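Features as listed in Swiss-Prot:
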type	residues	note
BINDING	His141, His150	Cu cation A binding site
BINDING	His290, His316	Cu cation B binding site
CARBOHYD	Asn220	N-linked glycosylation site
TRANSMEM	53-73	transmembrane segment
Amino acid sequence: MFSLRSWRYTALAGDEDDLEGIDKKAFLASPLRSSSLRQRNQPKQLLLLLLRTIIVVSVITFAAIIGCWVFLSHGTTTTNPPQQCSTPAVRKEWRSLSPSAQAKYISAVQCLMYLPSVHKEGTTLYDDFVFGHSKTGSYSHYAASFLPWHRMYLHVYERALRDHCGYSESLPYWDWTLDSHHLSASPIWDPVTGFGGDGNPGGAETLHGGRCVVDGPFANSTRAWRALSEGHNHDVEYGPHCLSRGFIINNDDRTTLEMLHGLVSPSRVAQTLDKPDYIAFFEDFESGPHNAIPQFIRGDFLTFSAPNDPVFYLHHANVDRLWWLWQQRDPAGRLYQVRGPAKDFRYHEGHEVSEGSIEDVMPMGGLAEDIKMKSVMDTRAGFLCYEYE
């Protein structure tokens, strides 16, 4: 440690050692000697003052830098975003894919349904994604992380298709605004080039208004996990059952069907995209267009075990696309903008829920390493590298 006292003592000791043969007492007491010492000490004192000034300025500067970093890290933007990729993959709408590309995707999904689970014996890798979605439900729904969490979830699912099943293309999406006049007639339900259609109208109800799907590539497929209930309960139980759907049609409830069609119409989605900030956008989106699809399909799709239905991933890819479009309207202000409760405020009703932050770590339910929200805000930065056509 630097010591002013030891520095001055060393300087004087050297001077006295050089006074051999001289009356030291008289010399040290003389005005000439005193003046000489003061003059010789002046540069050293100036140096000391300069060092003190440098130290003080450095401390203040460092404190200011730390203060700015803390402020920015708790805000909605970041000054050092990850480097963007130069050749992003392009996610395309389902009906724009060639029949060959559609078949490759369906085949990869079927592959996941035959690979063994890493969590529970007797279930599949596909089932693990259903369980993980439910396990993290209170963090990934009606919360600030709703959109970022599902973006990461889709990335992990897409990576599983590639790593385990040889899929080489991008995850497709279903733009349901194109079918808002007649959801049940969408080509997504085609038994040959799609995912099969409604549940068997003459069959027994399996769960939540749904019946076994009996056509298409997933006809009579067995799913391992079922939700304990609709609504706020995120829990699932092991309960093998057939993939189930129960479309709302005119004969069921014409008024409800018209309302659901309206929620996914181009004009209604345009209103959502016009929302000025993140919390207004995600709240309007989640409770409006996003929820309309599960309420139309019903069955597995109506609960937190919704990923039992392979169409779920195309639905949420479209949700991600619309968020991406909203971000692209003002990248500087929106790419890293997040706001809302840290957890599902419905599930924690009556309890104080903290504000979500871009620094929050999102639990991924064992599907991947837990990750900070800020890592998935930009689809062309970091490990993400995609955009939408």
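Heads up, the Cβ atoms here are built off N, Cα and C, so glycines get one too.
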Nearest-integer angstrom distance between the alpha carbons (Cα) of His290 (Cu cation B binding site) and His141 (Cu cation A binding site): 11
Whole-number Å value for how far His316 (Cu cation B binding site) lies from His150 (Cu cation A binding site) (Cα to Cα): 7
Separation of alpha carbons, Asn220 (N-linked glycosylation site) and His141 (Cu cation A binding site) (Å): 29
Count of other CB atoms lying within 10 Å of the CB belonging to the residue listed as 'N-linked glycosylation site': 12
For His150 (Cu cation A binding site), the number of other Cβ atoms found within 10 Å of its own Cβ: 21
Secondary structure at His316 (Cu cation B binding site), reduced by DSSP to three states: helix
Number of other Cβ atoms within 10 Å of the Cβ of His316 (Cu cation B binding site) across all protein chains: 24
Spatial separation of Asn220 (N-linked glycosylation site) from His316 (Cu cation B binding site) - C-alpha basis, Å: 24
